[in-house]
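Novice: For 6-22, 43-62, 74-96, 128-150, 170-189, 201-219, 285-306, 318-341, 347-369, 412-429, the entry in TrEMBL reads transmembrane segment.
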Amino acid sequence: MEVFYFIVFGGLAAVVATLELSKSSKDRVNTTSAFNSFKNNYLLVYSLMMAGDWLQGPYVYFLYRHYGFDKGDIGRLFIAGFGSSMLFGTIVGSLADKQGRKRACITYCITYILSCITKHSPQYKVLMVGRVLGGIATSLLFSAFESWLVAEHNKRSFDPQWLSLTFSKAIFLGNGLVAIISGLFANLLTDNLGFGPVAPFDAAACFLAIGMVVILSSWSENYGDPSENKDLMSQFKVAATAIASDEKIALLGAIQSLFEGSMYTFVFLWTPALSPNEEDIPHGFIFATFMLSSMLGSSIASRLMARPTLKVESYMQIVFAISAFTLLLPVITNFFFVTSGEKGGSMSFGGCIQLMGFCTFEACVGLFWPSIMKMRSQYIPEEARSTIMNFFRIPLNIFVCVVLYNVNAFPITVMFGMCSIFLFMAAILQRRLMSVAESHKALKGEDWTAMREVGGEEEPLTA
């Protein structure tokens, strides 16, 4: 069975390498040296920030178990993280629009470093503070950096299409290659070198500090709406009004929440799905395979977005439909195949089918990130970008907290079935978003034609 894992990993690696090396002129975008310098600087910072995040991921649960906490205690720690992201993250995200996105990115670094430091304490209260800080940092990671990039890209008058290039490369590196290397490096520090489960958090703090130095030395500040007469509640009202008055923004927020909610639920469910009877599976190797699948998705996304005639709103309908089917596989295989083996044994045949489906889902995740970033850059207004993006995370965090609290209350097939339904709903809403966007574009075209016709009729009268 070990050969199966290597075949899957090797096959994915070969496909990713082939896609990257075989890009033609149609798959590449001609850019300027100034843009390439700007893009590479952002990719360096983003990769360092993601390294600081990925280094911690594989050992958070393990560290809490190492300190002697049970499943219930650990669950409450995770709920605190998502809860703080929902409550405090929204406020901090709004302050980013007003006080500056560069400052928000630096705040992310400092907050996450402090969170890493708390991991040295076995005291539950100290670890709880660390989870709250980590929740705030997560909100900033997924809003402040993207908001800074979009504003700075537009401020420097770069081609809007080039944003897609930066997005796809950021996901390819930050959510793919860096994730794989970080997982292996964390394993090296903890197991091979014997530094213990706190070592990955210390390494994460170092990478975050290096990234903060790069931000301080090379980034300029930009704002959403820096006007002095707008307080925090005014920022919230602007964001809420934008969501309520523009169906495209509301649809985008719903799509993001449905997909990311299913994605984070999958993070908690894939291990018991593949080893329901505690079969011996290589968790680290499977995680690396998932990240390689994500790289495959982002590589495909870069090719799709390089074609100006192909709309993101169009192909994402297919992506959501495929992802809905992949998370339905555990339900299907439960009826037709034996999905569990012996304790300590190899993965069952049904588990192998599920693994292939999960790799496909991760490829959809790799497609999702740069594509949703592209759509956010098109539809979310600049003056409240970070605020609106954190508003989108409120239903996501509520959903994940509810799932965590009731993770043992429902069979795993019910949880996967629920996620599949959510993803199918996302596909339907994506189709609605495309039709609304096309109708708005057509109306703008008609208004422009009417204005030109009126102007043409008035010119003789003023001659």
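Note that Cβ sites are derived from N, Cα and C of the backbone, with glycine treated the same way.
Automatic, uncurated: that is what TrEMBL annotation is.
Here the structure is a predicted model, which means the values were calculated and not measured.
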Novice: Which residues of the same chain, at least 6 past either end of the transmembrane segment (6-22), have a Cβ under 8 Å from a Cβ in it?
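Specialist: Those are 285, 288-289, 292-293, 295-296, 299-300, 303, 355-356, 359, in sequence order.
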Novice: So what's near the transmembrane segment (128-150) in sequence-distant terms, Cβ-Cβ under 8 Å and 6+ beyond its ends?
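Specialist: Beyond its ends, the transmembrane segment (128-150) has Cβ neighbours at 42, 45-46, 49, 53, 77-78, 80-86, 88-90, 92-93, 96-97, 101-102, 104-105, 107-108, 111-112, 114-119, 163, 166, 219, 222, 224, 373, 376-377, 382, 385-386, 389-390, 393.
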Novice: Counting only residues 6 or more past its boundaries, what in the same chain has a CB within less than 8 Å of a CB in the transmembrane segment (43-62)?
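Specialist: Contacts with the transmembrane segment (43-62): 74, 105, 108-109, 112, 116, 138, 141, 145, 166, 169-170, 173-175, 178-179, 181-183, 185-187, 190, 197, 200-201, 203-205, 207-208, 210-211, 214-215, 219, 284, 287.
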Novice: Counting only pairs 6 or more apart in sequence, are there at least 3 Cβ pairs under 8 Å between the transmembrane segment (170-189) and the transmembrane segment (285-306)?
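Specialist: Yes, the stretches contact each other.
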Novice: Go through the chain and flag residues at least 6 beyond the ends of the transmembrane segment (74-96) whose CB is under 8 A from any CB in it; none is fine as an answer.
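Specialist: Here the qualifying positions are 61, 64-65, 103-104, 107, 127-128, 131-136, 138-140, 143-144, 147, 224, 232, 235-236, 239, 384, 386-387, 389-391, 393-394, 397-398, 400-401, 404-405, 407.
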